[in-house]
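Features as listed in Swiss-Prot:
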SIGNAL    1-34  signal peptide
CARBOHYD  44  N-linked glycosylation site
DOMAIN    69-313  domain 'Peptidase S1'
DISULFID  94-110  disulfide bond
ACT_SITE  109  active site, charge relay system
ACT_SITE  159  active site, charge relay system
DISULFID  193-270  disulfide bond
DISULFID  226-249  disulfide bond
DISULFID  260-288  disulfide bond
ACT_SITE  264  active site, charge relay system
REGION    312-343  region 'Disordered'
């Protein structure tokens, strides 16, 4: 997202916002009877995967995490198993979210440099990008479907992209899809939801992107409330950012948490009736420096439910056939490079920067 931060830190925190790593590694109790043991030839270890007989509705959004943890902090290993890292030329540029065995959502603005599938990879099963585990997978992209109306009718409108993976993933406790909400879904007023990503922890000090996945609890607000932070565009004013029906806003009421550069395309998920739904994809925000003065803005996934279903159906004849890369394969060796190469991570490019009512708005990757 444009970088999840708490106080002076993205989803993480440099002060009281920084907490210890959460939750031990354990398998999904909901489907323990449907797990099978598989030997990973790369490191001769045995892991558990979900049997392929489970339907998407049975497995999506099911994790052991059901409660609340306060503040921005490092995310535990199995908390957000749909979280993905989008890689351009081997480097993290954006977040993404798994929604099916071979389908991933992200933000359209992450694909301004290239829309060639072979330029991208999707990393799943990671919390620390420098530390692959036996669950980690690096997937090739077969198809990039950018919404045809992206940025067409209003700034950052239809900021969504659908990626078809070249091969299907095997579900495990570390790799599971989030549920996609239907168009008519009702989210309770002031619902507490969670954003996650590997974006910058601070905008004012450009330290390297964090390797560890960070998370933050944000409160959904109505679009009418959100519009109060972003005045409507006036001809000649140079203002173009506004809140439309295809967007959803979320904020920490203390204004201490925000998305930041590198988080774009990552998920905003809400727990609804026992399952986690991806209600938003990180899109844009005001600058993530203190003080945080406005909500974070996400692409509203339910608005695009039909578009997602139609494109998945029309692409069903494209059969993925390439095996995923395992951490032990050459492509996965040292996926981020050692610490000496941290500076090689692509720095976010300011795609849009406007002064709006003394708020510097930016959409960053």
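Using N, Cα and C of the backbone, Cβ positions are placed for all residues, glycine too.
DSSP assigns residue 264 (active site, charge relay system) to coil, not to a helix or a strand. Scoring each of the disulfide-bonded residues (110, 226, 249, 260) by how many neighbouring Cβ atoms lie within 10 Å, the top position goes to 260.
Taken as a whole, the domain 'Peptidase S1' (69-313) shows an average pLDDT of 88 in this prediction. Residue 159 (active site, charge relay system) sits 13 Å from residue 94 (disulfide bond), taking the Cα positions as reference.
In the shown protein chains, 24 other C-beta atoms lie within 10 A of the C-beta of residue 193 (disulfide bond). If you take the Cα of residue 260 (disulfide bond) and the Cα of residue 249 (disulfide bond), they are about 14 angstrom apart, rounded to a whole number. Looking at residue 94 (disulfide bond) and residue 264 (active site, charge relay system), their Cα atoms lie 5 Å from each other. Here the CA atom of residue 110 (disulfide bond) lies 23 Å from the CA atom of residue 193 (disulfide bond).
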